[in-house]
Protein chains: 2
Amino acid sequence: MMAVQLISIRTVVTKAARFVPTSGVYPKGFKVGGIHCGVKKDGSSLDLAMLSNTHSEPAVASAVFTKNKFKAAPVQVSSRIVKEKNGQDINSLIINSGNANAVTGAKGIKDAESMISVTDSVLGNKSADSTLVMSTGVIGNLLPIENILNGIPKLSTQLGDSHEHWLACAKAICTTDTFPKLVSKRFSINGTEYTLAGLAKGAGMICPNMATLLGFFVTDAPVTSKALKQILTYSTDRSFNSISVDGDMSTNDTIVAIANGAAGGKLIDNTSESAESFALLQKEITSFAQTLAQLVVRDGEGATKFITIKIKDALTYKDAKIIASSIANSALVKTAMYGKDANWGRILCSIGYADVKSPDSVNPSKTCVSFIPSDGSKKLDLLVDGEPQAVDEVRASEILAFEDLNVEIDLGTGGGQGCEFWTCDFSHEYVTINGDYRS
Amino acid sequence: MMAVQLISIRTVVTKAARFVPTSGVYPKGFKVGGIHCGVKKDGSSLDLAMLSNTHSEPAVASAVFTKNKFKAAPVQVSSRIVKEKNGQDINSLIINSGNANAVTGAKGIKDAESMISVTDSVLGNKSADSTLVMSTGVIGNLLPIENILNGIPKLSTQLGDSHEHWLACAKAICTTDTFPKLVSKRFSINGTEYTLAGLAKGAGMICPNMATLLGFFVTDAPVTSKALKQILTYSTDRSFNSISVDGDMSTNDTIVAIANGAAGGKLIDNTSESAESFALLQKEITSFAQTLAQLVVRDGEGATKFITIKIKDALTYKDAKIIASSIANSALVKTAMYGKDANWGRILCSIGYADVKSPDSVNPSKTCVSFIPSDGSKKLDLLVDGEPQAVDEVRASEILAFEDLNVEIDLGTGGGQGCEFWTCDFSHEYVTINGDYRS
């Protein structure tokens, strides 16, 4: 009883302490900041974030957006810009939280465009549409645009590259998040040291297989927009598109990657000539994006568990993703995990209704399900080749008491493909948070 | 405050009183019953149900089963029988609750078959495999088959056609259901009076577009197995496949229809000759199946709201179903309804990510969303042609305080197709029930 209570207190009280860094390494030639400008009603929470490329050369950008048919105004405007400029000469970001500027008609588009033009102006960006815009929050209300447009010049004078500036920026894009999500790291390619830094907001409306939330990351590595686009697609597929909180996909989901080349070195393209450095950069960005995406799951609305679903020996990578996503989105699996219940029947069930096409994708008599304890102790087999195992319930309870749960599914198809997918549990708190979000 | 509390008490306390009939009309030539045989661990709850055709002529049957790849043993055995016998000469049902006989390997199949052979034997059925079997409950445990096989002869001596017998039968198939679901009605075709009676169990693992739960209905109308099959497919699509509780699809879902012709009259076929009586029977069975399916939603695990989603002017019927299902399965919509929050943004969002294929299926600037109050008062428009309306929040709260909520979506595609879909909200109680179902 005591042990359970201790774990629970640790989960609730110290998520921020455990997952928010107290220092960081930040890429050259970028300044960021966050202020309260008057979107959030409490009068003090940060609600406006900005990033500016201060390097002498223009930066390149790539972005992935929600596939929802009701695209918010900032999504419509930013995707137009990335397309029109082919990812070239994009040097700043302006982001507000507290209002999604979604389903706001022609005025919403105008507001998003004015956020861009004012930002371009105060930052002295040389070409038009040098800024991408994002918004997150409640749907269907017009932005308090005066407050935002007054905030932009103010914010532009407060940018910096310290850890505190980055943390303020990360806080300013949060909504129901319980902690800001900020990650940074160094890596080397061909002896040159580069830096990656990024932030995200999540909490609810997180769904796999789409651009799934608001976030951006920047690097001082030199890379072409074409190569960056390819890397972003690959890494998003294995990070932000491999997570799920509640299976809902928002009207605003956007992930942006920006690179300014300020750290020097040879330009990385997607040609065969720079294949090695391209692969290195892709590997670094993918693992970085996974870390950031996993923080979104850690802070899933009401989440008490961080669940890794590992699919092995699927027929195809696509099959592995579909099956992982089906498990990760099952309300019954997620409530069982919340209740620390080793109900593998629900896991199996959700594998069984996954929308895979081939009759060979799932073979009930070859399917294995195990729990992998997060303390490194021996795994617990629940189902081996379709046969239920005598489960030691005490051992199962020990494993399920951990905050981090690992479920391994071996499909035994001989296809040898696999994937990892991250999700959280479904708790009373999720219902409380979402039962009355707007008020 | 007082009013809210009264509504809440009414919902919790009197669902059984409101939805369980105190009398019924039952078809000729069928006897039913339910006993406790020792599957449920409390030692007293009814857990074995039986139906027997006592008419002099053999009955015909049709059935729809889960599409889950992990099909429970009773699903495998019953579907084989329906197929092999082409729906002919099926005269009884044997159903246990408390254990799903799912993922139980060869022994599970053997157990399901022995339930059939013992039932056939004690009821004196003339041909082999005259019985269909169903099971519901926990996955992965072998049935306490001795208890069941000892219970079958005992139950066979206690069958009857009174309301109490039907009610016992309905109770005996329940698991986490809070009330038994039993419906009966009379109708006429060409001057002959017929009767329909049926029952279902639901509560969790209810997902649209599949055979979605355990249930059966029987009639004394004379109909060919071919016509019955066609009618069952049509009516299931518009009833049991148009409901959702949590979007999960079980390994055991089965709906069976049986007709024995005991009330006489002209045989109804699906030829042009009996087109009129076929259409009448299909209409009666569809509305009957809808009533039964709606009771499953009423009793959705933890449900406090009964939500009807009406789609108008979709491009196709299929589109309408996909969009309705997307709304009905959104955790964010369902928690908002629970919280009495007029969050139409979430409804719109779930329309926007519905998996419809044509670019003309959803047009943001033509989409309308309204609440239709269940007291017949004026509807409340939330979105008209894609434009958010100034919502009277007091009025919205009044409407959302009702147990029955009606959401109307007009897609404005010009296609003129539509559908109705029924779902419930997502409550704290759902999480409590499913956080620890097995113990």
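Including glycine, each Cβ sits where the backbone N, Cα and C put it.
Reduced to three states, the DSSP call for B:THR175 (substrate binding site) is coil. Sequence annotations record features per position, and here TrEMBL assigns substrate binding site to B:THR175, B:LYS201, B:THR212, B:GLU301, B:ASN434, B:SER439.
The annotation active site, nucleophile is assigned in TrEMBL to B:THR212.
With the fewest other C-beta atoms within 10 Å around its C-beta, B:THR175 stands out among the binding-site residues B:THR175, B:LYS201. B:GLU301 (substrate binding site) falls outside any helix or strand according to DSSP and counts as coil. According to DSSP, B:LYS201 (substrate binding site) is assigned to a strand segment. Other Cβ atoms within 10 Å of the Cβ of B:GLU301 (substrate binding site), summed over all protein chains shown, number 27.
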